[in-house]
Amino acid sequence: FFYLVRVGHPINYYLQFVTRFYIHFTAEQVVYMAIVGSFPFNSFLSGVLSCVGTAVLAVCLRIQVNKENKEFKDLPPERAFADFVLCNMVLHLVIMNFLG
Amino acid sequence: MGGPIDLPPPPPPPPPSFSLKTLKLKTKQKELLLRVTILCLVYILAFITRLFSVLRYESMIHEFDPYFNYRTTLYLTKNGFYDFWNWFDSESWYPLGRIIGGTLYPGLMVTAAFIYWTLKFLSFAVHIREVCVLTAPFFASNTTIVAYFFGKELWDSGAGLVAAALIAICPGYISRSVAGSYDNEGVAIFALLLTFYLFVKAVNTGSLAWSLASAFGYFYMVSAWGGYVFIINLIPLYVLVLLITGRYSMRLYVAYNCMYVLGMLLAMQIQFVGFQHVQSGEHMAAMGVFFLLQAYNPSIPHRFFLKLKHMEFCWHMRSSCHNSFYFLGWVKYLLSDTKLFQAFLRTTLTITIGVGGLAFGVGMASGYISPWTGRFYSLLDPTYAKDHIPIIASVSEHQPTAWSSFMFDFHILLFLFPAGLYFCFKRLSDTTIFIVMYGLTSMYFASVMVRLILVATPAVCLISAIAVSATIKNLTSLIRTKSKALHIGSSKGNMSSKASSKTSFDQSLPFGIKTASALLLGAFYLLSRYSLHCTWVTSEAYSSPSIVLAARGAHGDRVIFDDYREAYFWLRQNTPPDAKVMSWWDYGYQITAMGNRTVIVDNNTWNNTHIATVGRAMSSYEDEAYEIMRSLDVDYVLVVFGGVTGYSSDDINKFLWMVRIGGGVFPVIKEPDYLVNGEYRVDKEMRYDVLACVRRHSVSHNEYSSYGFRYKLSYYRFGELTTEYGKPPGYDRARGVEIGNKDVKLNYLEEAFTTSNWIVRIYKVKPPSNRW
């Protein structure tokens, strides 16, 4: 799920960095859980899924914003970004409820 | 002669008349008006057709399960959401109690409470029971609207209208959503169709907003019904099918990922579902497809099938500017050598698949990922429940479906379904593939379990609507072009050559105008028969509240047996508030809801051993049963007996299930002990001798006390009653025989109450006699 968008575009670097950071963060959480044990399982799950969720949403945003994708020609990037923000808000609300 | 030609003065405008033409609407607006009118009528129709039982009897809750839902909704409206979410109920499953907050699907109750609070806010003072009774028809009407939009997405708005009309009256759906049937399915089918529609819309548009909406729809479905497992397995299967048929697109990636992650998170908020989305085998397919989508390289199928060098070269060229995104593509950019990259590709793929398979295998073997539970496993292997889980096998709704049930519930839709499949295959798109898959899988499950005809109904209605709409459209356009051609041919006489060529061209089409109109009339006739059948089925078969029975009296007048409620209210008013009632698990919910007393077992059937204990008590002799009842602290025993009225689903007919379930846990109870020549009888040929010699009992016992507990409770004092003219006293009308032993004496219980038609009998357990 790394797609090389127009090189040099600043948002591309930001999103690439963000997704790579989230993958690293997820791996760290899994390792921590393996060491400490998974007692508050809901907290572990919410942590892992928040990373995965934001990464996935960021990737979706990049796909939608990229001008070379013919399927998303008609989608204005502002709308894509607004969707992204909305989904992230919902995601984090649910995560906060799930953390316990 | 040189001036301009004077036009004659324009004719005066025609006098206004009440016709649609005076509104001066354009065609598009006329069409919109027509569509809106049809939808409104369908909406009202769906609501009205479910009101038969309210009109005939009264506005009350039907059956067994809805009483539990009603009781919880009552609790929710009285005590608020927080208490409801954390509710521990000590009035059922005595002495174990039940964590209600964590073992129910709250969607239905929250919906009804929400409607109730909205109405209260608008100053409509309705009772919560009315809201509960009418929730299901209201949501059925909403389902028709969703069906319209789904049909519009699938085919065109005409198909949408037909789908809405078909699903409004289809008996398969009505059976579980009449007014009074306050059960999860009433709301769940609406949520199911909504989730599917929103997901299909998300796949078609690829926007995150629609995927978010479908995640919310999925959340609603998870909160409403256990059948959400169908959604979480059908959608990954659909994604797989799209991948295999080469219809992968980024819209699919966006839609599925967003829906899966958000949907899974939202679903885990429901206590009853908990962590099943990551731990249960039934949900693993979704996760597997999620990971598959991340690593999917859409040119892999090409590479497998066309191993040509220049194709690989083209793929190599394309991928640098192509829309195949994958983690490997990024790596490929880094390693600019093809051969090295392909080696890397192979190794990473094998490693990932290996690791994934290993993790899955370890999870299954260690029990961390639980296998498919009994209820769902019996869908894949229908013989499983019969051998291993008698409780599941005993429910009549879980039996395989007969063709007559299909015809009864679907009527003409049954043969319109293959026709619709044909049309779907003619115009294949992402959406039609989805509906074909939904239709086929749901039809398979509907044939395994009668209860699941409900899940197949929306698919069948939609596909049949496609068939109906496409056929009628073709026929009407044929008629229209034919008549237009004739009309043109007749009005322009000097163009006769052209007209004749046109008519000759039209005659080469398969139908003449007469055949087409005949076919059209035939189609309308079929549709009218369908609606007549549906109304008849609704009126006769699906509108009976099982708690109130009706029959025809001797003079043809209607006789109503309200014995159940009579007995429950007697319990409520004449027993101490902490009395415990033992009955078979069918009646548990009703006793707690209406009688307001503690029960030993109820319809939730979560503890098989507890139910087996009750079954054992019902199958043994009175003294053993008394010991079991003392250990359970039972004060009253409730028995349902249909011998006087001919009511055939009473406890004597359910007795063999009690034996089977009891025998499943306590091997001391063996089913052949209760049968004569393999048959179960209550008349003179009962097994006197075997019952007497299997158990050792002391000499002082009266010889009649050796009969089973169930028998004694049902037939106490029955021998003196004359039930039918011309038959001897003690004639059991439900079994059609005269009972064997008429002189039944009870040692440890006394009769407390028998309803006016002897349907429900309540006995009080006597305290142990004073030791002397």
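Any Cβ shown, glycine's included, is placed from N, Cα and C.
Note that TrEMBL annotation is computational and uncurated.
What TrEMBL records for B:35-463 is domain 'Oligosaccharyl transferase STT3 N-terminal'.
Taken from TrEMBL, the feature domain 'STT3/PglB/AglB core' applies to B:580-638.
Taken from TrEMBL, the feature transmembrane segment covers B:32-52 (among others). Sequence-distant contacts of the transmembrane segment (B:32-52) (same chain, at least 6 residues past either end, Cβ-Cβ under 8 Å): 25, 136-138, 140-141, 143-145, 148, 157, 161, 164-165, 167-169, 174, 177-179, 534-535, 538-539, 543.
Summarising the annotation, TrEMBL assigns transmembrane segment to B:99-119 (among others).
Under the heading transmembrane segment, TrEMBL lists B:131-151 (among others). Here the transmembrane segment (B:131-151) has long-range neighbours at 39, 42-44, 46-47, 50-51, 54, 59-61, 66, 69-70, 73, 108, 111-112, 115-116, 119, 157, 159-165, 167-168, 173-174, 176-183, 186-187, 189-190, 193-194, 196-197, 200, 458, 461-462, 465-466, 469, meaning same-chain residues at least 6 beyond its ends whose C-beta is under 8 angstroms from one of its own.
Annotation comment: TrEMBL describes B:157-175 (among others) as transmembrane segment. Taking Cβ pairs closer than 8 Å, the transmembrane segment (B:157-175) reaches residues 35, 38-39, 42-43, 45-46, 49-50, 140-141, 143-145, 147-151, 189, 408-411, 413, 453-454, 456-458, 460-462, 464-466, 468-470, 472-473, 530-531, 533-535, 537-538, 541-542 in its own chain, all 6 or more past its ends.
Here TrEMBL flags B:187-212 (among others) as transmembrane segment.
Summarising the annotation, TrEMBL assigns transmembrane segment to B:218-241 (among others).
Under the heading transmembrane segment, TrEMBL lists B:253-272 (among others). Same-chain residues lying 6+ beyond the ends of the transmembrane segment (B:253-272) with a Cβ under 8 Å from its Cβ atoms: 85, 101-106, 199, 202-203, 206-208, 210-212, 214-216, 218-219, 222-223, 228, 232, 235-236, 239, 278, 286, 289-290, 293.
What TrEMBL lists as transmembrane segment is B:284-301 (among others).
The transmembrane segment annotation in TrEMBL covers B:349-369 (among others).
What TrEMBL lists as transmembrane segment is B:406-425 (among others).
If you look up TrEMBL, you'll see B:432-450 (among others) marked as transmembrane segment.
The list of residues near the transmembrane segment (B:218-241) in space but at least 6 beyond its ends in sequence, with Cβ under 8 angstroms from a Cβ of it, reads 105-108, 110-111, 184-185, 187-188, 191-192, 194-196, 199, 252, 256, 259, 263, 266-267, 269-270, 273, 277, 282-283, 285-286, 288-290, 292-293, 375-376, 433-434, 437-438, 441-442, 445, 455.
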